[in-house]
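Some features that TrEMBL has for this protein:
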DOMAIN    25-476  domain 'Major facilitator superfamily (MFS) profile'
TRANSMEM  21-42  transmembrane segment
TRANSMEM  80-99  transmembrane segment
TRANSMEM  111-129  transmembrane segment
TRANSMEM  135-157  transmembrane segment
TRANSMEM  169-187  transmembrane segment
TRANSMEM  199-221  transmembrane segment
TRANSMEM  284-306  transmembrane segment
TRANSMEM  318-343  transmembrane segment
TRANSMEM  350-372  transmembrane segment
TRANSMEM  384-410  transmembrane segment
TRANSMEM  422-446  transmembrane segment
TRANSMEM  452-472  transmembrane segment
Amino acid sequence: MAVGFAVASEDGQYNGRITSFVILSCMVASMGGLIFGYDIGISGGVTSMEPFLKKFFPEVYTRMKEDTKISNYCKFDSQLLTSFTSSLYVAGLVASFFASSITRYFGRKPSILAGGAAFLSGSALNGAATNLYMLIFGRVLLGVGVGFANQAVPLYLSEMAPPRYRGAINNGFQLCIAIGVLSANFINFGTEKIEGGWGWRISLAMGAIPATFLTIGSLFLPETPNSLIQRFNDEQKAKTMLQRIRGTTDVEAEFNDLIKASLVSKSIEHPIKKIIQKKYRPQLVMAIAIPFFQQVTGINVISFYAPILFRTIGLSESVSLIMSALIAGVVGTASTFLSMLVVDKLGRRVMLICGGVQMFVSQIMIGSIMAAQLGDHGSINKGYAYFVLTMISIYVSGFAWSWGPLGWLVPSEIFPLEIRSVGQSIVVAVNFVFTFIVAQTFLAMLCHFKSGIFFFFGGWVAVMTAFVYLLLPETKKVPIEVMDRVWREHWFWKRIVEEFDDKSKMEPA
């Protein structure tokens, strides 16, 4: 018999427990976040390793080592180098749309399996790469893996979790991203010291380890009751699964809501056309705005290029890698774990707003110090350098307990079943589009904006914080299948939703 403790939604609608069955299933699925985080951490560290640059990007290596006239901010400006990083996100963008159909018609489990298998193949190819073509093709396979995993895993976690603890369980995805970044940075620090200059191969190939766990583990994952109802007419099978994951036979209230949602879902033949209707305008806006804002926080400045950034302010290769590990890894992981503990108590809005203020202040401070102290040549005073590192830690912490996990949590819980798969695909696609844009343009922006890059991203943080304050309703503890009520009660969105309802009533049957 499943073990756990009883929970109910805030209005007492559902019965259930957080069972060991749910915990184990969600732990396996969350490995999809681990492969994403590992790649983020590895790619940033590897692109700062001199043997890697010398083999694949010799012009960058030459400019870094020999050109004394070039600006500190421009040493790493190479479209070819950024293509190595950003090619993953182009592949992920395309893969996410294929993943949408697979997730809807075949279930969440096959998408997770496909993601793990593709990432496993890409890791092996990257580790064995002998030329740039192998390297980029490996990145494309990694992108396919991340695209499938990011599309399916957040949905899986939100559908498996009891409403009261959905935030904490879904934030496990971001926690695994943070753990992946942490592991990757420490691996980079160790492999950078290997004599012979082949340590980067180990860094890239070891992505196969979490991918193997995800691929094998996904074979044993149960399908969510939501997906079983959506895909099959066997309601008893779905009810049995719901009873198993909730640890009780008294699931009638939740099961009835799932049935109602499924009936609506099965009446929708073209979910892409459906999601652009005015009825779903609030969800569509959030599906575009939240992942967009998540990327223009500037987190990729730290995640992808932290070692490069630290070398820009005058730190050595080894020191840059270990500082990346400590800041992006330890600080990020600890802050994400804190988010898991408080997200279902404080709520989504408070955390997004407070995290935005924290990131804004730290970015303005970083930009100000670099503008005043770091010129085009030489390095800044060691005291100022460590102050910049402190501010970066504060910034990473702010992102890791707010926009990092909640940028995945909120979109995964706001869509009704009939548009849930396509809605999540839009979230992933927008995320990948702007991740690609930021990754592809950051080094050029750093070269041209110099310290102003932090004011640029700080301005976007101010905009997104105001957006949340004005337009995002609170979703904590609201059952996922009755989430539409939060829009009907919101001061702005209720006018749009009610206007659609009024028009629907006036139309002849």
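First residue shown is number 1, and so on along the chain.
Note: Cβ is positioned from N, Cα and C throughout, glycine not excepted.
TrEMBL labels come from automatic prediction, so no person has curated them.
Keep in mind that what you see is a predicted model, and the values were worked out from it rather than measured.
Nonlocal intrachain contacts for the transmembrane segment (384-410), taken as residues 6+ away from its ends with a CB within less than 8 angstroms of a stretch CB, comprise 154, 158, 166-167, 170-171, 173-175, 177-178, 286, 290-291, 293-294, 297-299, 302, 306, 310, 313-315, 323, 327-328, 331-336, 338-340, 343, 348, 351-352, 354-359, 361-363, 365-366, 369-370, 373, 431, 464, 472, 475. Within its own chain, the transmembrane segment (135-157) has Cβ neighbours under 8 Å at 26, 29-30, 32-33, 35-36, 39, 56, 83-84, 87-96, 98-100, 102-103, 108-109, 111-112, 114-126, 129, 166, 169-170, 172-173, 204, 207, 211, 214, 221, 224, 408-409, 411-412, 420-421, 424-425, 428, 431-432, counting only residues six or more beyond its boundaries. The recorded stretches the transmembrane segment (111-129) and the transmembrane segment (21-42) share 3+ CB pairs below 8 A when only pairs 6 or more apart in sequence are counted, and are therefore in contact.
Between the transmembrane segment (80-99) and the stretches 21-42, 199-221, 350-372, 422-446, 452-472, Cβ pairs under 8 Å are most numerous for 422-446.
Averaged across the domain 'Major facilitator superfamily (MFS) profile' (25-476), pLDDT for the predicted model comes to 84.
By the Cβ criterion (under 8 Å, sequence separation of 6 or more), the transmembrane segment (350-372) is not in contact with the transmembrane segment (21-42), since fewer than 3 such pairs are found. Same-chain neighbours of the transmembrane segment (21-42): 2, 4, 88, 112, 115-116, 119, 142, 145-146, 149-150, 152-153, 156-157, 160-162, 169, 172-185, 187-188, 203-204, 206-207, 210-211, 213-214, 217-218, 220-222, 244-245, 247, 303-304, 324, 328-329, counting only residues six or more beyond its ends whose CB sits under 8 Å from a CB of the stretch. Note on the transmembrane segment (199-221): residues 25, 28-29, 31-32, 34-35, 38-39, 42, 45-46, 49, 51-52, 109, 112-113, 115-117, 119-120, 122-124, 126-129, 138, 142, 145, 149, 156, 180, 184, 187-188, 190-193 of its chain, located 6 or more positions outside it, place their CB under 8 angstroms from a CB of the stretch.
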